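J.: Below you will find the structure I want to go over with you.
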There are 2 protein chains.
Amino acid sequence: MTDFAATKAMFHLPGGVIYLDGNSLGPLPLAAPARVGAMMQQEWGDMLITAWNKAGWMDQPRRLGDRIGRLIGAEPGSVVLGDTLSIKVYQALASALEMRPDRPVILSDSGNFPSDLYMAEGLIRSLGRGHELRVVAPEDLADAVDDSVAALLVTEVDYRTGRRHDLADLTARTHRAGALAIWDLAHSAGALPVAVAEEGADFAVGCTYKYLNSGPGGPAFIYVAPRHADHVRPALSGWLGHEAPFAFDPAYRPAPGVERMRVGTPPILQLAALEAALDIWDGVDMDALRRASLALTDRFIAGVEAACPALTLVTPRDHAQRGSQVSFRHPDGYAIMQALIARGLIGDFRAPDILRFGFTPLYIDAGDVDRAVAVLAEVMEQRLWDRLEYRERRRVT
Amino acid sequence: MTDFAATKAMFHLPGGVIYLDGNSLGPLPLAAPARVGAMMQQEWGDMLITAWNKAGWMDQPRRLGDRIGRLIGAEPGSVVLGDTLSIKVYQALASALEMRPDRPVILSDSGNFPSDLYMAEGLIRSLGRGHELRVVAPEDLADAVDDSVAALLVTEVDYRTGRRHDLADLTARTHRAGALAIWDLAHSAGALPVAVAEEGADFAVGCTYKYLNSGPGGPAFIYVAPRHADHVRPALSGWLGHEAPFAFDPAYRPAPGVERMRVGTPPILQLAALEAALDIWDGVDMDALRRASLALTDRFIAGVEAACPALTLVTPRDHAQRGSQVSFRHPDGYAIMQALIARGLIGDFRAPDILRFGFTPLYIDAGDVDRAVAVLAEVMEQRLWDRLEYRERRRVT
């Protein structure tokens, strides 16, 4: 049994705010500033360079990788932290293409996050060997896996719509076609149960600053299936992925296992914040989290549909196809979101017309959902968004 | 006139320690913990997602890039922060190879940091187009630039020996041969005056956690000469290098200028620490820094050579060929460094036999040098390193 009232008490949640944007940036764990401060003073400050060994900094990417591994169903020692999600996507793709040298296609879908597609595009252009990035509609992905495909690159939960792919089925199809499956878990890790080992992902990548609450710019993670980890040859062959970084060998020899996916010096301040965030996750049962998440998204959908007929639901009603966010469509979506934010309901807007609300049981409860519905109803009923101040164009994150 | 007593007072320097390893990890700026703490509480904590705009997080990599730009002689708007140095080396190399498609060679030297060579090796292997990484002895580099060379990849100051290359001369030769010059400033930025614009570097990269004191795992920087910045096509084409990241365009269009070298979400905690570190640099005159650095290294060389005849100087005596570190060679270098560290003199060891000492006028003064010489003399005279505890093998950073 997970006590979500207890986890909620572990976050700093500003008064007067209902925060439904934890799928973009998780809130501050109360323990994080002291943890980072202690790391800075007692480790960086007092131990100086010796902290790389004495304070365990060098092993942090692997140690915290294992703690994330538990949340995504990974084998111990198969997950490592570092870099950004885009870099990790590149590493997985480059490895997969090399493992399937006779196959020209990276298959993805138009619901994928653009940066995944950009990284694939950049890799293909660099390689200059006539690879193709084939992007199909999300619903066509399952039937598009054929024997020209080297790698399937799929983000489980669509960042705009909240639609969830069936990764077990897609991965089985991918393997039957002789291809490799790369999962992007940006909107999955910490959002719902994931089973990378059981369902056979070849590679998985994700970020830590959304549902995992590591703070702005927290490092990404990468999973490499143990059956591949000693064979893949990293394209981004940095010194910390070397078998013996401090031998300063002139030739690159990859480290055993997933650690070869490390590149450069890990970001120790960000890792300290992540560590504080992961302490909150230690007691959480992922099935209980999923049940709570579905109850929250069901409640929000029912409330908004009853109170705001002008908003069109985008997220699937079918639980199996839903992540942990709810999106509605409205032509004035941008201005509506500004009006909501001005009233303390923080969600976000995704072009061209999507209002997106993330539900994170660790710190969002039924009372928050009801208050959010009430604010949304007020804004819609009174057309509060229809003011110049909310219609002004500005960059939205 | 730079007041180095004043800058020294801005660092946390633990009692009983003489810290000559700032060329590996700079010490803690006293203002950094409060800066990071305030960022975490008031920005991440209270502003949540809105801090990306409200607190200026999104522009931080460019804004701080300009402040580093001043220290390396770069044009405003030509430096941006992010990722690790290895990733930035990869970006510069990939761009350079694409700009010289008919030339097969990346030229570097055996004094370069291994990760630079590993990244070149990985890139070449990925591209699979028969490029060659040609590694010559440091003293042969100037004569090895010929018209087969696409890019010269040179680290100005050798991480082991402290030997400094003549970048102006190497770059002029490189350009005469029709090739591009990539400078790695890992041991230069904040260590000595650098003139990327005046001396015509095509690309320059560096890290911030050594002489710039941004803390463990602080982000790297990249400079792209403005004459190239709107033309290079990034291989690592991430969303934050896109012209309009929040348009979520399915196709990649590079941002104007150096910002196209951004990849993913920037590490905001590390950037806050860097910002505090850069405040210390604001008043520093780089020529005064260089004079102070040479005075410190001269004093250390003279002191050690007088007191410790068993140590062999590796670093050039010629000022023009010296960075801001001094290295000595001894077959028992590893054990000697352990004995020094046990007595509070922190330098570092680089295999197979090098004792390395960094001199950073911001917080190291003549008194520190004299104390360091005394500790070294004591350890050498009494053969204090010749104890089992110092001879034990362990990983050294």
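Placed from the backbone N, Cα and C atoms, the Cβ positions cover glycine too.
Automatic prediction, not curation, is the source of TrEMBL annotations.
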J.: With A:Leu85, A:Ser86, A:Phe113, A:Pro114, A:Ser115, A:Asp116, A:Thr155, A:Asp184, A:His187, A:Tyr209, A:Thr265 listed by TrEMBL as binding pyridoxal 5'-phosphate, identify the candidate in A:Trp239, A:Trp281 belonging to that site.
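T.: Looking through A:Trp239, A:Trp281, the residue TrEMBL assigns to the pyridoxal 5'-phosphate site is A:Trp239.
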J.: What subset of the recorded positions A:Thr155, A:His187, A:Lys210 has a Cβ positioned less than 8 Å from a Cβ of chain B?
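T.: Listed recorded positions meeting the cut-off: none at all.
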J.: DSSP three-state call for A:Lys210 (N6-(pyridoxal phosphate)lysine): helix, strand or coil?
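T.: The residue in question, A:Lys210 (N6-(pyridoxal phosphate)lysine), is coil (DSSP, three-state).
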J.: Could you measure between A:Lys210 (N6-(pyridoxal phosphate)lysine) and A:His187 (pyridoxal 5'-phosphate binding site) for me? Cα positions, answer in whole angstrom.
T.: 7
J.: If the pyridoxal 5'-phosphate binders are A:Leu85, A:Ser86, A:Phe113, A:Pro114, A:Ser115, A:Asp116, A:Thr155, A:Asp184, A:His187, A:Tyr209, A:Trp239, A:Thr265 per the record, what's the largest distance between their Cα atoms, in Å?
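T.: Among the residues the record ties to pyridoxal 5'-phosphate, max Cα distance equals 30 Å.
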J.: Taking 10 A as the limit, how many CB atoms besides its own sit near the CB of A:Phe113 (pyridoxal 5'-phosphate binding site)?
T.: 21
J.: Which of A:Leu85, A:Ser115 (the binding-site residues) has the most other Cβ atoms within 10 Å?
T.: A:Leu85
J.: Please list, in sequence order, the residues in the chain of A:Trp239 (pyridoxal 5'-phosphate binding site) that are at least six apart in sequence and whose C-beta is under 8 Å away from its C-beta.
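T.: Listed in sequence order, they are A:Pro245, A:Gly264.
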